[in-house]
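Engineer: First the structure, then my questions, so here it is.
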């Protein structure tokens, strides 16, 4: 039977529950344990697919095409494992399932209530996510005391006494504020948070204490006594130079000892040598490059979480610090690309939706192409390379994507009416289709061209597999004209254009897929690694 570790948060949000869960999972995995991960989101949205990146951060796409919380990305990057749609569910999904079952007569006339029906559905989903794993780590979004989280708290409380559950362990992540005027660390917020948990019926067995300052031994003992945990179960979580240093910090504090004791896991000795070596290269690299990151959601950098982490992964393997120079694409429209990208060693244009900042991205692409600067365009960043090339090389005045101009005389990017999904089924869509769930999502194969940059990046693989999240496609009508003018299609999937390159450019690649979704610290994505490697090599030649 599966054992469960539940991670909750107290005092306030954004304390790092996801990194905590991922770090514990990493140490357990490196100890030879089969670990599953689950993020529960108490919001009522069915999924984050239609939520603003500026409000929620990045939407992470799983291998099987689910639009999930960005913490699933943290789990994959830390544990070097691909998780599926069962690794994330929301209040919206729970209520939808219960209401649908009620409408179909599945409850045989019962009055549907939070207890037992909603809570029962939550428990069922947690157990399903745990199937096939030795341990399932469950992160509960939000903060203890939130109204939205109460049914989930009740569900994990009930699982303590479930005969089908072999063991449970509760981890509580909380804040230890430092009052500068008094020069003191304060434990009261944590004590009150633990008291709130106890009122619900949950007693945490471990406290992860987030703090800017180191916790003295006397303070740890006081915290342990007031929260009714053993002294070795108070784990200090200081601000780290890199999030990838957190598992190492936890290991130094012997975090696995109380977990192993409670869950009867035996002696655990995780092998973290390779991990530690990569972290040292992140913190103290030998080389440095400056990358111009052109985007539109710069008010919240979390909107590009997977991509910025993928650049860190690549840099670690090349012993290089990738300094990101953030460039708002709307500012390029005002000031020009040269003014904002002139000091950059390479240019990356990220994906996005909507026409805000599009012309600025096109100017950035032109700047990288004309000045022979290494360039990587992802999703919309690839689509706009076709638009830029059509306008400025082919002379197609007014060329555009129909996403931004339905009446363009040269629709370089168009809405494909039907496509084959992951199961091989034909999907139909139009511009009137609902926004939620109508994208091309998940992992698809891509056939690469021999001798191309992308074939070389993937070590000669003829067919690669990467994840997608987009609605529009490159229009094959203009393929011959583009290729005759020097822009070559180097990646295809069932007739769809997946990657393009430019003949007379040292390193220029546009990809329709999102390579960042498959990048991990120990196994960086090949196309992003090749991009950073080319940037470093060309910058060192100058």
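Note: Cβ is positioned from N, Cα and C throughout, glycine not excepted.
As annotated in Swiss-Prot:
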type     : residues                                             : note
REGION   : 1-265                                                : region 'Amidoligase domain'
BINDING  : 13, 146, 147, 148, 186, 187, 188, 189, 190, 191, 222 : CTP binding site
BINDING  : 13, 186, 187, 188, 189, 190, 191, 222                : UTP binding site
BINDING  : 14, 15, 16, 17, 18, 19, 71                           : ATP binding site
BINDING  : 71, 139                                              : Mg(2+) binding site
DOMAIN   : 290-541                                              : domain 'Glutamine amidotransferase type-1'
BINDING  : 352, 380, 381, 382, 383, 403, 471                    : L-glutamine binding site
ACT_SITE : 379                                                  : active site, nucleophile
ACT_SITE : 514                                                  : active site
ACT_SITE : 516                                                  : active site
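Show me how these features fit into the shown structure, please.
Structural biologist: Around the Cβ of residue 147 (CTP binding site), a 10 Å sphere holds 8 further Cβ atoms from the protein chains shown.
A 10 Å cutoff on Cβ-Cβ distances gives residue 13 (CTP binding site) a total of 11 other Cβ atoms nearby, all chains included.
The number of other Cβ atoms within 10 Å of the Cβ belonging to residue 15 (ATP binding site), over all protein chains shown, comes to 19. The secondary structure of residue 15 (ATP binding site), as reduced to three states from DSSP, is coil rather than helix or strand.
In sequence order, 7, 17, 18, 21, 37, 38, 39, 40, 71 constitute the residues six or more apart from residue 139 (Mg(2+) binding site) in its chain with CB-CB distances below 8 Å.
For the domain 'Glutamine amidotransferase type-1' (290-541), the predicted model reports an average pLDDT of 92.
Non-local contacts of residue 382 (L-glutamine binding site) by the CB criterion (under 8 A, 6+ apart in sequence, same chain) comprise 474, 499, 500, 510, 511, 512. The DSSP secondary structure for residue 382 (L-glutamine binding site) is helix.
Sequence-distant neighbours of residue 379 (active site, nucleophile) (same chain, six or more apart, CB under 8 Å from its CB) are 350, 351, 352, 469, 470, 511, 512, 513, 514, listed in sequence order.
Under DSSP, residue 514 (active site) is assigned to coil, being neither helix nor strand in the three-state scheme.
Around residue 516 (active site), the same-chain residues at least 6 positions away in sequence with a Cβ under 8 Å from its Cβ are 306, 307, 309, 310, 378, 525, 528.
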Engineer: Far apart in sequence but close in space: which same-chain residues, 6 or more away, have a Cβ under 8 Å from residue 19 (ATP binding site)?
Structural biologist: 74, 243, 246
Engineer: Between the binding-site residues 186, 189, 222, which lies closest to residue 471 (L-glutamine binding site), Cα to Cα?
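Structural biologist: Checking each of 186, 189, 222 against residue 471 (L-glutamine binding site), the shortest Cα distance is to 189.
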Engineer: Within 10 Å of the Cβ of residue 188 (CTP binding site), how many other Cβ atoms can be counted across all chains shown?
Structural biologist: 11
Engineer: Comparing the binding-site residues 17, 186, 222, 471, which residue's C-beta has the most other C-beta atoms within 10 angstroms in this structure?
Structural biologist: 17
Engineer: Within 8 Å of the Cβ centre of 352, 380, 381, 382, 383, 403, 471, which other residues of the chain have their Cβ, at the recorded L-glutamine site?
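Structural biologist: The answer, listed by sequence position, is 351, 353, 379, 384, 401, 413, 470, 472.
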Engineer: Report, in whole Å, the straight Cα-to-Cα distance of residue 16 (ATP binding site) from residue 188 (CTP binding site).
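Structural biologist: One finds 20 Å between the Cα atoms of these residues.
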